[in-house]
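K.L.:
Swiss-Prot lists 42-52 with the feature motif ''HIGH' region'. Among the features that Swiss-Prot reports, motif ''KMSKS' region' is placed at 627-631. Annotated ATP binding site per Swiss-Prot: 630, in sequence order, evidence recorded as sequence analysis.
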């Protein structure tokens, strides 16, 4: 055994052992309790960052701990490999996305292996490989035939230069983020998942997830956005519109119906189109609206604009004529593309009516009174008693809701309705590096799904995109085909799927990644699913986690899985943050410097007072801590840390820096401190082992001093078991081990009994650290005399008898002030404790001349003597 801690040597040996033994390859073992632990798989961007290290270390600690509980633990890993960054890198470097992606995977896989993760690499999946996306295409065809996937025209942001659809986030100030072209609104045919058909279940089954953070469930509830309201119809006739019919609106405030003074429709609404036929001004306004954002958030904050159409509808209860306006704050895809405007009680309507001098009629008595003068107050939107509403006066919200519904039903002009904010999920992308949509377009037969025996539709991998639209649309060798139904020449779909589709079912594929008979092997899926512990960033709270829940229900309804939810427990890990350093250039731009290139000056209390760039010795500004990011150049390369200190040090620091759900602040001194701690463990173990291993501890013959040491050992086991097993507070578990190390370093080693006690202490330290620092634990466990590997050892169990104290130290107070301590037998009665306290010399001194009025004894803690 080396006298000094040699992490590289130790880690190479441990990893070689695990590889040779296939230590983490698992299979179904009926009768043995399973535990499926999964961290969100990475996008192969090129290099691991510290966020990855933290995410995968958390998952690994949980996996290794559960294995020590005797469970059959599955921890797989794969690659979320399709997506835009590969196309961008391909254009920049003139290389095919496939080549770039596979090279990145090879490099990052080596990095992950060097962290010592207990991963079953035999189950690795790569989403850009045909053997993976074949099953995605198979499921697509099944769902298309069932109508769960359908095709319709949708309004999108179209980049006329790049010839592609952009997400709302990719439109900056009305221009394409890459081309700079003015974005057009276009209606293009796209494929949609009917996620709205599952909205109710997606909402209600959140209640079946007690192991999910409340914050994530709230975010999903808000995103799904269930609202109970009423569908109201405003009739019109030949005189007012040119034909008879009714304008449908959805409202969550039917109690305010008597306060409606106009109706507003979206630019795409049929009434707007009709009114614009002979109205050039309205045509121009509609075109302007269609060029605006389709994002709800943008619509909410933009200036409200509108034009009257000259059309009128009737109020359903009063028959009053209400003008129809086209307004830019009404979205065609929400509700029915029309709103009944009640300016007195809705802020957007109020703003619009004030701007265009439309009537404002108060119909609810709110805390601000019976009238609603400008400017808008939040109180105007409150529920309250109805006023100025005829027969409905005096009713509260629910009473008015019910009474107005009855009145509308009588006239056949309305009824209550539940609506969701959630929209169907459009998955068509005019991109190359994605999963091809398995549809063939035939002039005679329409859209025909690719038959199962012709799957997968393979994406050609030798393509270098140029950014102008989809390369597949310019490749006849890809899209020219025959119709599977009639045999006529046909054209293959050239859009690819949204990359969120691949990550919506990967967790299920891990159960049987090499199965060729279907998307999953049912018996394997039932054995492993649902995932017991899922780990990933809170930024995935809505989209990925909602889509994965949706997909699980789709797979259940296809008979592929038996459970209702994919992830039993969810841990959202915090970000890794680090200091930022910058200089402001003459033109106002910021230049950011990496912490490794900066030298800090500290005061006598170690507080940083200034920073300078090592390269030129000139000062730099300190910008505060922010999430590690390329944009701020404050990332730390995990590989350099592993090379310098070893993987165990990196893992220990990451777990010690903060609880997993909080942000962890990177600190060089913290890393060095973690390294020093592992050196201390090694040093103590070396000193102990070099004297030869002791015999068995005789617990019955322990001295009082030895009992205290053994109590520290079992107290550490008790606390760490709670911290790791129940609370995922790895930082406090590590603190327990550090406290135990302080005790063991001071423990005497004079007798065989002393050394046997240190042996028990070192074995405990090794086992408690095994999930966190697996390499050093692997080495020490064998050196401490065990023939089995530490990964096969059981988590230590506390000896409750060791925690029992023969004597207790009690605090003595006089009138609430600390005046001393007394040692008492743990079995002492309240009377014995009080008697001992009364004769304590400090008590006698501080109660001299006073009368003792009361003695309060808190068993095992303190005695308070009240005297006056």
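Note that Cβ sites are derived from N, Cα and C of the backbone, with glycine treated the same way.
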K.L.:
At a 10 Å cut-off from the C-beta of the residue listed as 'ATP binding site', count the other C-beta atoms across all protein chains.
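P.N.:
There are 9 of them.
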K.L.:
Which value does the mean pLDDT take for the motif ''KMSKS' region' (627-631) in this predicted structure?
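P.N.:
Mean pLDDT across the motif ''KMSKS' region' (627-631) comes out at 85.
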K.L.:
Look up the residue listed as 'ATP binding site' in the DSSP assignment and reduce it to helix, strand or coil.
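P.N.:
DSSP call for the residue listed as 'ATP binding site': helix.
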K.L.:
Which bits of the chain, at least 6 residues beyond where the motif ''KMSKS' region' (627-631) starts or stops, bring a Cβ under 8 A of a Cβ in it?
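P.N.:
Answer is 49-51, 575-578, 592, 663, 666.
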K.L.:
Please spell out the DSSP helix, strand and coil residue counts for the motif ''HIGH' region' (42-52).
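P.N.:
So the counts come to 3 helix, 0 strand, 8 coil.
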